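Participant: According to Swiss-Prot, the protein carries these features:
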{"type": "DOMAIN", "residues": "215-377", "note": "domain 'Helicase ATP-binding'"}
{"type": "BINDING", "residues": "Leu228, Pro229, Cys230, Gly231, Ser232, Gly233, Lys234, Thr235", "note": "ATP binding site"}
{"type": "MOTIF", "residues": "330-333", "note": "motif 'DEAH box'"}
{"type": "DOMAIN", "residues": "431-589", "note": "domain 'Helicase C-terminal'"}
Amino acid sequence: MNNVMLPKKAQKHQFPVEEIILKDDHENFSLWINYDALIILETFKQNSKQASDFLIAIAEPVSRPKYIHEYQITAYSLYAAVSVGLSTDDILSTLSYFSKNIMPRSVKNFIVECTLSYGKIKLVIQFNKYFIEAANNDILKKLIDDKIIRSNLFVTDNSVEVINVELVKKRCIEIDYPLIEEYDFKNDTVLESFFIDLKPSTMIRSYQETCLNKMFCNGRARSGIIVLPCGSGKTLVGITALTTIKKSCLILCTSAVSVEQWRQQTMLFTNISGDNICRFTSEYKEWYKDKCGIIITTYTMLAYNGKRSPEAQKIMDLIQSTEWGLLLLDEVHVVPAMMFRKVISLVTHHCKLGLTATLVREDDKIEDLNFLIGPKLYEADWQDLSAKGHIAKVECFEVWCGMTGEFYKEYLIQTSRKKRLLSIMNPTKFQACEYLISRHEAKGDKIIVFSDSVAALKSYALKLGKPFIYGPTGQTERMRILKQFQTNPLINTIFLSKVGDTSIDLPEATCLIQISSHFGSRRQEAQRLGRILRAKRRNDPDFKVFFYSLVSKDTDEMFYSSKRQQFLVDQGYSFNIITEIPEIYKNENRVYKSKSQQKELLVSVLLSSDKELESDTEADNEEIGVYSGILKGSTGVDGMAYMETNERNDLGKNKRRRK
């Protein structure tokens, strides 16, 4: 995040070491405030739940295991706090009330510096015009006295209308008064409203209601981001938001499968007719029949800047000429700033809502979302939702698979790409995967096996006789396989590439096995765990789901595995290490049992071409024919520093096709 977005004093703030002074009755309180704005919460104290709810509003969660939580107060978290109505005095007094120690002077000064000007002026959209609301006349006078702002305002006795919104927003940041955007949708008589409500059978959970209360206040809608674990009902939160605003809504997803699921869920939970909820994908080019409705599309469809078919261009023109009440952004964490700026500039909208499970990236671009979309409105505690039965309880395992001598000998001398495939195709890992599938199918589980490597995905699935989905799999075939997995008692295991990482709803799945992954991506690890958190049987007594990550011993996989697990460990999950599975060797019919079979497998790996070594990201890139920069952005890999690749550019050799 560019520091120009921060108050000038906050940019220069230092945190000198200070002595922690305990209160006389400190044992009655639940949190410690360190001199560097780190807060440690003891969850076993009597008032810890109230303290935790407050900390979520003013600080970033760092780590939340069972008994001790860590939070960090940042300029961005304080921006979010004042955006939802907390004042400087509210923050200071409540923090002091829960604290065991006297608040360090540097922390108090930092809070004051960050919140003194934040939240004091609002940009309100009323009657299709932009107005400024100030906390008091002194602040309003300061704005009007600024020459740049004054030249872009239309001031009357009753209101201050903004003429050039972007210029005023930029100038307000420069003078330490960033604008908070609110949409007065109830008084918007210019945009058409349409009849859409939740069905009487649709039930909203308490934490979902809390999310929505943060977004809607005094009859207005705030732009911002809501963070909920996979499987906890992010989609329903978005659907409830659009039924509250009741204006035309544009929903952006990461994939065509996600588009279908958003459409199905919206029709399931609301009374909308199928004619007014439409899709814009490479397969469907639809528009609603009434004056307003819902369009669901993907980020890449909207950001694509090549030549479109006449039918697609017609829909794109309609999207750009429509004024949208709500822009709903699913899986908001995976799309970097450049794509968001493009998407946001393409469409006229009044309110933005971002939904995500993991507000984390391996680069430093996640903070861009604070100002491109809005502040974080709410973030849930995974373990709290698990304890209440809203998401499933999970047992996580890291399974170490020893490399055979021949495979490891080649591993030590091959290129980085071949090394990676050798560690994935390790015969011991094959056997471990086969054993775990057999064991869990016998228990009645539905199993998802993930592999980033397309070559390994096909090899495992074909060898074990299981269906698989990856980039080139057609949309119809994808939906057919997923339907069979959900309903057919004979189809209990499917293999997925990284196309299944996000937005695939499979509540039947109760076991996940990961045979390869994207290096050290914490986000991907959490997203994959999320595929089994929504298990239908989660409320059954003693029911648990299982997450296995198979890694080849003494390879780079072990190094990346610890990095990947960090986010989940911070959410309170623990990984049990399985160093060996002796039961594997009791199966006389196990795959690649003999030396000759293992040698054949090794030869096939060594003879693999560069094309076969590609991950599914690259395969998808060629399949849909978009610029590499767009696709890397939409998958969240842009800027990550975990890859070592050969110098090559196959993309330039491929022609792009029309969308």
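Counting starts with 1 at the first residue shown.
The backbone N, Cα and C atoms fix where each Cβ goes, glycine too.
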Participant: So, by DSSP, how many helix, strand and coil residues make up the motif 'DEAH box' (330-333)?
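Facilitator: Once the DSSP states are binned, the motif 'DEAH box' (330-333) shows 2 helix, 0 strand, 2 coil.
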Participant: Cβ-Cβ under 8 Å from Ser232 (ATP binding site), same chain, 6 or more residues apart: which ones?
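Facilitator: Correct list: Tyr207, Ala380, Leu385, His390, Ile391, Leu533, Arg534.
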Participant: Across the domain 'Helicase C-terminal' (431-589), what does the pLDDT come to on average, as a whole number?
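Facilitator: For the domain 'Helicase C-terminal' (431-589), the model's average pLDDT rounds to 87.
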Participant: Taking the centroid of the Cβ atoms of Leu228, Pro229, Cys230, Gly231, Ser232, Gly233, Lys234, Thr235 as the ATP site, which other residues of that chain lie with their Cβ within 8 Å of it, listed in sequence order?
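Facilitator: My list of surrounding residues reads Ala357, Ile391, Gly530, Leu533, Arg534.
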Participant: For Ser232 (ATP binding site), which of the three DSSP-derived states applies: helix, strand, or coil?
Facilitator: coil
Participant: Using a Cβ cut-off under 8 Å and a sequence separation of 6 or more, which residues in the same chain sit near Pro229 (ATP binding site)?
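Facilitator: In sequence order, Ala357, Ala380, Trp382, Leu385, Ile391, Gly530, Leu533 meet the Cβ cut-off.
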Participant: Once the chains shown are all counted, how many other Cβ atoms turn up within 10 Å of the Cβ of Cys230 (ATP binding site)?
Facilitator: 22
Participant: Within 10 Å of the Cβ of Leu228 (ATP binding site), how many other Cβ atoms can be counted across all chains shown?
Facilitator: 24
Participant: Within 10 Å of the Cβ of Gly231 (ATP binding site), how many other Cβ atoms can you find? Include all protein chains, please.
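Facilitator: Other Cβ atoms within 10 Å of Gly231 (ATP binding site): 23.
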Participant: Please report the number of other Cβ atoms within 10 Å of the Cβ of Gly233 (ATP binding site).
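Facilitator: Taking all protein chains shown, Gly233 (ATP binding site) has 22 Cβ neighbours within 10 Å.
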